[in-house]
Amino acid sequence: MINKLKFWKTSKENDALEERINALKELPMPKHVAIIMDGNGRWAKKRALPRVAGHHEGMKRVRRITRLASKLGIEVLTLYAFSTENWKRPKSEVDYLMKLPGEFLGTFLPELKEENVRVQMMGYKDKLPEHTLGAVGKAITETEHNNGLILNFALNYGSRDEIVRAVKNIVHDVKKGKLTEKDITEANFSNYLMSHSLRDPDLLIRTSGEIRLSNFMLWQLAYTEFFFSDVLWPDFNEENLVEAIEVYQQRSRRYGGLKSEGVEE
Ligand code: IPE
Ligand code: IPE
Ligand code: MG
């Protein structure tokens, strides 16, 4: 049994969700869930609000979804917060997005610490403003000894660039004599990626109805189960995460073999 969580207005709805959450615990949980949090702009547009209002609401959902992921015993939650392509957006929107990690962690870091969450970041530090790096760096340091959920923010992350840099670093290490050609294996290649300390995602969720990866974890998602939701990220709630995991638990992961193994134990 996990601690009681309050999700809905009526206790009946709450109980129904609690029941589904408890049922999830009977089957293997995805250990690493990655989410492409998309649809903030459309959420705001539907309400005749500026796009940044959608980003702010989306930030609050990060807290709710993190709380549930943590209660469910998920080991890693990777959240795509800003891509290397998102710099193409208007400066005012980029500036706002760069302030969100500071606001999020300024508000929620004490709670995250209490919940034993460990904050990490995956992305290029160059180009990120000092204040963003400062806020994230502080959270990383202050939670580095926690051993609960790893909350991994993909911030200024781009997968093709990550792969190209991995290749360059491998070439560098070969030239230095630290590595030989036969050392270059799939496992070793993974060590050169920014996700090197993490297992590959078991479940990828993308919100807002877009069916694409947008340069997210191309190598790591090779055998991940995908769940696409039409819900816009600022509307994505506990029930939506529960549904994604329910669907995941019904999948049969074969990894190219013939045997239907069900989800990984
Ligand atoms: C996702 O929402 C957040 C980021 C990409 C930073 P969007 O801002 O992409 O929202 P839409 O896709 O325009 O609705
Ligand atoms: C992907 O969403 C990046 C993040 C969610 C951070 P985008 O909104 O940037 O993706 P495209 O442009 O629709 O592919
Ligand atoms: Mg988008």
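Note: Cβ is positioned from N, Cα and C throughout, glycine not excepted.
TrEMBL: automatically predicted annotations, no manual curation.
As given in TrEMBL:
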ACT_SITE  Asp38  active site
ACT_SITE  Asn86  active site, proton acceptor
BINDING   Asp38, Glu225  Mg(2+) binding site
BINDING   39-43, Arg51, His55, 83-85, Trp87, Arg89, Arg206, 212-214  substrate binding site
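Leu213 (substrate binding site) has a Cβ environment of 15 other Cβ atoms inside 10 Å. With a CB cut-off of under 6 A applied against ligand 3, the recorded positions Asp38, Asn86, Trp87 are reduced to Asp38.
Cβ neighbours within 10 Å of Glu225 (Mg(2+) binding site), excluding its own Cβ and spanning all shown chains: 21. Counting other Cβ atoms within 10 Å of each Cβ, the lowest count among the binding-site residues Trp43, Trp87 belongs to Trp87. Among the recorded positions Asp38, Thr84, Trp87, Leu213, the residues whose Cβ lies under 6 Å from any atom of ligand 2 are, in sequence order, Asp38. Listed in sequence order, Gly123, Tyr124, Asn156, Tyr157, Gly158, Asp161, Asn215 are the same-chain residues at least 6 apart in sequence whose CB falls under 8 Å from the CB of Thr84 (substrate binding site). Only Asp38, Gly41 of the recorded positions listed as Asp38, Gly41, Trp87, Arg206, Leu213, Glu225 bring a Cβ under 6 Å of any atom of ligand 1; the order follows the sequence.
The CA atom of Asp38 (active site) is located 12 Å away from the CA atom of Asn86 (active site, proton acceptor). Residues near the residue listed as 'active site, proton acceptor' in space but far in sequence (CB under 8 A, at least 6 apart, same chain), listed by position: Val94, Leu97. Taking the binding-site residues Gly39, Gly41 in turn and counting surrounding C-beta atoms within 10 angstroms, the largest count is reached at Gly39. A straight line from the CA of Trp87 (substrate binding site) to the CA of Glu225 (Mg(2+) binding site) spans 29 Å.
Between the alpha carbons (Cα) of Gly41 (substrate binding site) and Glu225 (Mg(2+) binding site) lies a span of roughly 26 Å. Taking Cβ-Cβ distances under 8 Å and a sequence separation of 6 or more, the neighbours of His55 (substrate binding site) in its chain are Asn40, Ala44, Glu93, Tyr96, Leu97, Leu100.
Note: the CA-CA distance between Trp43 (substrate binding site) and Glu225 (Mg(2+) binding site) rounds to 26 Å.
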